[in-house]
Amino acid sequence: MVKAISSNLGYPRLGEKREWKRALEKFWNGTISEKELLAETKILRLHALKKQQDKGIDLIPVGDFSFYDQVLDTSVTFGIIPKRFQHDGGKVSLNTYFDIARGKNDAVASEMTKWFNTNYHYIVPELADAEPKVLDNRALYYYEEAKKELGIEGKPVLVGPITYLKLGKGSDAKSFEVLLDKFIPAYVEILKELEAAGAKWVQIDEPYLATSFDKKEIALFEKVYQAFQTAVPNLKIELQTYFESLDYYEEVVNLPVAAIGIDFVHDHGDSIKALKAHGFPEDKYLAAGVVDGRNVWRSDLDAKLELLTEIANYVADGKLIVQPSNSLLHVPVTKLSEPDLDEVILGGLSFADQKLEEITILTKALTNGAESVAAELEESRAAVTALNESSHRNNLEVQEAIANLKNVRVDRELPFAERIKLQHAWLKLPLFPTTTIGSFPQSPEVRKTRADWLKGNITDAEYNAFIEKETARWIKIQEDLDIDVLVHGEFERTDMVEYFGQKLAGFQATKFGWVQSYGSRAVRPPLIYGDVAFTEEITVKESVYAQSLTKRPVKGMLTAPVTIINWSFVRDDVPESVVANQVGLALRKEVEALERNGIKVIQVDEPALREGLPLKQARWQKYLDDAVYSFKLTTASVQNDTQIHTHMCYSDFDDIIDTISALDADVISIETSRSHGEIISTFEEVTYDKEIGLGVYDIHSPRVPTVTEIQDNIRRALRAIDAKQFWINPDCGLKTRKEPETIAALQDMIKATKEVRAEYQVLEK
C-alpha cells in the first residue's frame, strides 16, 4: 500500500444551474448592485469549496474562481490594463474589469482566444509597455476567505508567469526575458503574502510546458522557480502542467519546486514511459493527473489504479498526489442533475463532482488497499462495461459504412476555378457580396417560447408558428438592410452543436451539462455516447421555409464534423477520427437533402478546426488530414453549381492555410476583428485562390462599430485579397447580441460596403 494525497486543480464556476451566469448578467443589466453580485457569487464559491471538502479532497484549490477569466484576473492583479480603458493606477474596479473583457462605447474589448486546445476562451493580455505591480492579491483574499468561512487550508492557484506572458501579445522574443524579469518580483510579492498568511501549498499553472518549444527556454523556468524557491522556501509550490506530455521531462521534474503536476490522460502514454526511463526525484511530490478533467466519461478505475500503482514505484512514499488531469472548469458540475437520462448512459458518466469521488476512491485504494473500496470499484466496473457492451456502441450498419469508406467520393466533380463560374452565373451577386454568419439575436421572447414548448406549455404547432414568424421577420429585416445572401436566423436552435446532437443517433443532450465558453456564455455540449447515424432531416424545413419568403439566396446552415467533435463530449472508446467520419456520413445525407429541396448555398461551419490542433506540432498532420477528410466527406456530393461556405473563428491561420484551402469550400468566412488585423497579414504573405470573407466587426462586444472602422477593416483586407474574391460579413453569429445593436451594426456594415464598392467600381471604370 502507498500513502497518497487527493487533490483538485480547479472547479466549475457556473454553478449547478448556471447561477453564476445569471448573477453576472443581472449585474451587467443593472438589475443588481455590485454588492449583491459579490454576495451571490460568494455563496456559489463557498458551496463549491464545501463540496470538495465533503468529498474528501485533501488539497482544495482556492482562487480558481473568477468573475470572467483567470488570465484576465492575472492581468488586473498586476495592473496590465490597456491604456484605452484609462485606468488610474489603483485597484481595478469591477466595471473596468468587465470593460476590458466586453468593451465599452469608447474602447474596444481586448482580444479573446482559445485556452490552448479547449473550448474555453481567455482575454489576451496586452503587454506593450507593461510595468507590473501588485494591485490586488486575489489569491490571498480567496485563501483567507476559505480558511475563515469553512476552515479549509486551501491551495491558492495562480497562472504561471511564463504561461501568462506567452499567452499575451505586444512582446517579442527579444523583449520577453526583460518583461519576465519585471514580473518575477511581482509574483514573489504575491507568494510572500501567501506564505505570511500561513499558506502551505500554492499551485502555479504552467501549461506552456506541455507545448512544443525550444529547449533553451527551460532556463527561463529555472530562473523563475529558483527565484520563487529562494523567496518562499517554506511554501510548497506545485508546478502544474496539463493537456499533453512533457518534451523535456528530465529538466522539468528537476526544477526547484516541491511538486510536479503531470497529465497522464492526454499524454498519449508518453508520461509513464518517461517516468520509467528517467525515474522521479525522491524529494518531490508527483501530482498524477489520472482522472480525465476534459471529458465526462466514467473512469475505468481498475486501469487507473493499475497506472497509479505503477507510478508509485517511482515516487517516494507519501509523495504521490492523485488528481484530475486538469482543472474541472471544462466539465459540468454534477450528473445528479440529469435523472432523466438513459440508465446505461447515466451510469457511464462522470461530471466534476463524480470525478472528485473517483479521485477519493483511487486515493483510498492506494492508501488502504483496493479491498477498502471494493464496492465502489465494482459499481464503476459494471457501469463502464454496460455502456461499452450496449447496442449504442455496436451499430453494425454504421460500422459497416465506416469499413467501406474507400468506396465513397470525397472530391467535388469540378475544380474550384471551373465550378465557381457556374455559381456566379446563377447567383449574380455584386462586388463585395454581404452576408451574415448564421444566427440572429435570441430575444427573451424566443428563449421563453422555447422553454414553454420544452415544458409542454405550448403545442408543437404553436411553437413552429412562432419560429416561422420570427424567421419571416428577420428575412424582411435582412432584405430591408439590403444584405445579399440571407440566413434563416437559427431561432429553432439553442446551440450550433447541441441542435444537431438532438437529431442524430448516438448523441444525447443534457439538461444541465453546462460549461463556460467565455464570460457568462455557457454551452451545453452534447454527449456522443455511441455510433452516430442520420435518422431524420435536421435543417431542411426551416431552410426551405426561409427560402420561400425571398428571391435572394438563403444559406442552409450546418455544423461540420470536427467542430461537432471538439464541442461535444466524445466517447473515449474509439479514435476521434472514427467518430468524425460517422458524423460526416450522417451530415452528407443532410447536405444532399438541402440541395434536393432547392437550397443551393450551404454553409458547413468548422469554427473549431484550429482549436483542436494537438499541442505538439508533431501530431498536427494526422489531425489536419482527418479534419479535411471528414469535411469533404460531408460536402463533396453536391452539384457543381451549389456553393459550399464554411466559417472559422478565434484562430491563427498562417500555419494551417494549406489545410483551409484543402477543405475545398467555395467561400470561407473568418473572424478577424478582435485580432486587430493580424490574420489579414497571413493573406498578405500567401496566395489564396478561393473566395473569402474576413469579419469586419466584433460581435462579442455590445459596442456598435462605426462606418469608418468597418471601412478601415475592409480596405486593410483588400490590400491582401483580390476584390473579386472578397465577401463582407460580421465576425461570427449574432445570437448573443441584442436586436437594436445588431441592426445598427449591420446598417453600418452595409453602408460601409456600399461606399467602398462604389469606390472600386469607379476605379474599374
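Along the chain as shown, residues are numbered 1 onward.
Heads up, the Cβ atoms here are built off N, Cα and C, so glycines get one too.
Zn(2+) is bound by H647, C649, C732 in Swiss-Prot, and the record lists one more residue there from E671, E739, E741, which is E671. Residues I437, G438, S439, E490 are given by Swiss-Prot as L-methionine binders; from D340, D342, D605, that same site also lists D605. Per Swiss-Prot, the candidate among E177, E606, E611 that belongs to the 5-methyltetrahydropteroyltri-L-glutamate site alongside R18, E19, W20, K21, K114, W567 is E611. Rounded to a whole number, the distance between the Cα atoms of K114 (5-methyltetrahydropteroyltri-L-glutamate binding site) and G438 (L-homocysteine binding site) is 21 Å. Each of the recorded positions R18, K21, H700 was assessed for Cβ neighbours inside 10 Å, and the highest tally belongs to H700. Here the Cα atom of I437 (L-homocysteine binding site) is found 6 Å from that of C732 (Zn(2+) binding site). Of the chain residues outside the L-methionine site list I437, G438, S439, E490, D605, T436, V487, M496, M557, Q603, H647, C732, G733, K735 have their Cβ within 8 Å of the site's Cβ mean position.
Every protein chain considered, the tally of other Cβ atoms within 10 Å of the Cβ of E490 (L-homocysteine binding site) stands at 23. For E19 (5-methyltetrahydropteroyltri-L-glutamate binding site), the Cβ neighbour count at a 10 Å cut-off comes to 16, with all displayed protein chains included. For E490 (L-homocysteine binding site), the nearest neighbour among the binding-site residues E19, K114, E611, E671, judged by Cα separation, is E671.
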